[in-house]
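S.K.: Per TrEMBL, the features are:
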type: TRANSMEM; residues: 27-47; note: transmembrane segment
type: DOMAIN; residues: 29-483; note: domain 'Major facilitator superfamily (MFS) profile'
type: TRANSMEM; residues: 83-103; note: transmembrane segment
type: TRANSMEM; residues: 110-128; note: transmembrane segment
type: TRANSMEM; residues: 134-156; note: transmembrane segment
type: TRANSMEM; residues: 168-187; note: transmembrane segment
type: TRANSMEM; residues: 199-221; note: transmembrane segment
type: TRANSMEM; residues: 294-317; note: transmembrane segment
type: TRANSMEM; residues: 329-350; note: transmembrane segment
type: TRANSMEM; residues: 357-380; note: transmembrane segment
type: TRANSMEM; residues: 386-414; note: transmembrane segment
type: TRANSMEM; residues: 426-449; note: transmembrane segment
type: TRANSMEM; residues: 461-479; note: transmembrane segment
type: REGION; residues: 498-540; note: region 'Disordered'
type: COMPBIAS; residues: 511-540; note: compositional bias 'Basic and acidic residues'
Amino acid sequence: MRWAPSAVRAHSSEVDRIEAPVTLRGYLLCVFAAFGGILFGYDSGYINGVLGMNFFKQEFGHPGSTAEDAYNGYLYHTWQKSLIVSILSAGTFFGALFAGALADWIGRRSTIIAGCVVFSVGVALQVASTGTGLLVAGRLIAGIGVGFVSAIIILYMSEVAPKAVRGAIVSGYQFFITVGLLLAAVVDQSTMSRMDAGSYRIPMAIQWVWALILGVGLFLLPESPRWYIKKDKYHEAAKALSILRGQPLESPYIRDEVAELVANHKYEMELMGSSSWIDCFRGGWKPNSNLRRVVLGMALQMMQQWTGVNFIFYFGTTFFQQIGLKNPFVISMITTVVNVGSTPLSFWAIEKLGRRTLLIWGAVGMLICEFIIAIVGTAVGDSSKATSICLTVFICIYIFFFATTWGPGAWVLIGEIFPLPIRAKGVALSTASNWLWNFVIAQITPYLVGADEANLKSKVFFIWGTTCTLCVIFAYFLVPETKGLSLEQVDRMLEETTPRNSAKWSPHQAYADHRSASDAEADKAAEKISENGVDHHEAV
C-alpha cells in the first residue's frame, strides 16, 4: 500500500488477517468525514482576525478608549472580547455531551448531520448581528453544532477506518482544522480593510459552505458498522463494511470482521451489562477500567489545550498588535500556513513512530520553544527587533511541533481507547473536556495579556512552557501505544500491559476464536447474517 502511510505492529500474527486489505476507494470514503474539521478550524479562526478589524471595533466597541489598538477611540471591553471568543467553546462543551447520547440513539452519521443544521442556525444569527448580544447568541448556538460534529466525527472515523491507516485518517481531521484556520486567515485578510458590515459578515457567512458540504456528503457514506452491531443489525453492519472495505458482501474478510465485532461486543456487554453514563465511571483504577479510560481521554484533550496553541489562533492578531509587531495579520497568516503545511507529516509519523512517541517528543519541542520566547522577551524587551524576530521564528517552530504531534495525536487516541458500549459517551466526554479547557483558556487569556489587566506580553509563554512540561510527564507515564491495532485489540492490550510497555505488545488471539460454538447468541447472530446473504458459518 504505497499510496498511504500504514502501521504494522511488531510481532504481528495471523490475527491481523481479520481485516481486509486497504483499498484506495475505501481509504477516500473514510477520509471524507475528516472534512468536518474545517467547521471547527474556520469557526475558531475567523474571530481572531475579525476582532482586529477597524470597522468591527467601531461597530461593536465603545467610544473613549485610549488603548493602542483602538480605532478612533472605539474598542470593545476586555470582558466582551473574552466572552465573544470563549462562548463558542461553552456551546461546544454542551453540544459534545448531548451528542454522546444522541449518537447511540440515532447513529453516528445522523448526529453529525444534525450538528450541521444546528451550526447553520448559529451562523445565521452571527451574520445578522450588529451588537455583542446577538453575536454571542449566534456563536453559542453554532458552538453546540460544532460540539456535535467535533465529538462524533472522531468517533465515526475511528469506527469505520481500517486499523492500518486509522491514525492517518483521523489525523486528517486535525489537518482540516488547520485548513479551516488558514481559510479564515485568508478571508479575514481579504476583508479587513472594508469599512462596512461586509468586513465581518463575509467571514461569518462563508461558514455555511462548510456545513453544506459536510452535511450533504455524509448522505453518501454508510453508517458506522459498529453502531449497527451495537443495535444487533448484523446484516446492515456487513453491508456497511462491504462499502467501506471495497469487498463483496460474500467476502471472507467481511465475514471475519463482522464475526470479530460481534464477539467483542458480546464480551464487553458481559463485563459491563449496560452502557449508561454511569458506566463510564465504573471499574476503579485498573488499567482497562472504564473510569481510567475516561480520565485518560479527558486528560488528553485537556493537555492538548494546555499546550497553549489556541492562544496564537484565537488572540494572535491582537496580541501581535499589542506588543508592536508590524503586519500582525500577515504574521497570523504565516502561523496558519505553517500549521497547515506541517500537519500532513503526522499522517506518516503517527503510523510509523506511534502515538505515544509523538506526544512525548512533541511536548518536549514545544516547551523548548515557549521558554525561549519567554526568556528573550523578558531579557531584551517585547518591543525590540530581536524579540520580534525570535517570537515570529519560534512560534512557527512551536506550531510545527504541535501540528505534527499533539494536534492530531490527542484526537486519534480518544477514538481508540474506549470499548464499544461506552465509546460514543467516552469520546463525547473527552471532546467536552477539550472544549471546557478551550473555554477556560479563551476566557482567562485576555486578562493575562490585556494592556489594562496583567499585561504579561511575552511572559505568558512561561505559563505555556510549564504546562507543556506537564504534558511530557503525562504522556510518558499514562499514554499507551495503540498503532496497528484494531479497536477490539486495543481493549485486549489495555487488559494485559502497561502504558510504558504497550509498544511491545502484539495481538495473539481474536475474540471470535475463543467464543463457544454452542453459544446460543452466537448462533443467532450467524443465522441473522446468513439469512441476509452473508456466508457466515463462523459468525462469532
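Backbone N, Cα and C atoms are what each Cβ position is placed from, and that goes for glycine too.
What TrEMBL says about a protein is an automatic prediction, not a curated fact.
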S.K.: Against which stretches of its own chain does the transmembrane segment (83-103) lie, if we need a Cβ under 8 Å and a gap of at least six residues from its ends?
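M.R.: Result: 43-44, 47, 51, 76, 111, 114-115, 118, 122, 132, 135-136, 139-148, 150-152, 155, 227, 277, 314-315, 424-429, 431-432, 434-436, 438-440, 442-443, 446.
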S.K.: In terms of Cβ proximity under 8 Å, which residues at least six beyond the ends of the transmembrane segment (461-479) contact it?
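M.R.: Beyond its ends, the transmembrane segment (461-479) has Cβ neighbours at 296, 299-300, 303, 306-308, 311, 355-356, 359-360, 363-364, 366-367, 370-371, 373-374, 377, 406, 413, 448, 499-500.
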S.K.: Can you tell me which recorded stretch out of 168-187, 199-221, 329-350, 426-449 has the most Cβ pairs within less than 8 Å of the transmembrane segment (110-128)?
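M.R.: Most contacts with the transmembrane segment (110-128): 199-221.
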S.K.: Assess whether the transmembrane segment (294-317) lies in contact with the transmembrane segment (426-449), where contact requires at least three Cβ pairs under 8 Å among residues 6 or more apart in sequence.
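M.R.: With 3 or more qualifying Cβ pairs, these stretches touch.
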S.K.: Does the transmembrane segment (27-47) come near the transmembrane segment (426-449), with 3+ Cβ pairs under 8 Å (pairs 6 or more apart)?
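M.R.: Counting Cβ pairs under 8 Å, fewer than 3, so no.
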S.K.: Most CB pairs under 8 Å with the transmembrane segment (134-156): which of 199-221, 386-414, 426-449?
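M.R.: By Cβ pairs under 8 Å, 426-449 leads among 199-221, 386-414, 426-449.
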S.K.: Do any residues, 6 or more residues outside the transmembrane segment (426-449), come within under 8 Å Cβ-to-Cβ of it, and if so which ones?
M.R.: 78, 81-83, 85-86, 88-90, 92-94, 96-97, 99-101, 103, 143, 147, 150-152, 154-155, 158, 280, 290, 293-294, 297-302, 304-306, 308, 310-311, 314-315, 319, 322, 410, 414-415, 417-418, 455-457, 460, 463
S.K.: Residues sitting near the transmembrane segment (386-414): Cβ under 8 Å, six or more positions beyond its termini, same chain?
M.R.: 154, 158, 166-167, 170-171, 173-175, 177-178, 296-297, 300-301, 303-304, 307, 309, 312, 323-325, 331, 334-335, 338-340, 342-343, 345-346, 349-350, 355, 358-359, 361-363, 365-366, 369-370, 372-373, 376-377, 380, 426-427, 430-431, 434, 458, 471, 479, 482
S.K.: Using Cβ atoms and a strict cutoff of less than 8 Å, what residues sit near the transmembrane segment (199-221) while being 6 or more residues removed from its termini?
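M.R.: Contacts of the transmembrane segment (199-221) (Cβ under 8 Å, skipping residues fewer than 6 from its ends): 29, 32-33, 35-36, 38-39, 42-43, 46, 49-50, 53, 55-56, 59, 109, 112-113, 116-117, 119-120, 123, 126-127, 142, 145, 149, 180, 183-184, 187-188, 191-193.
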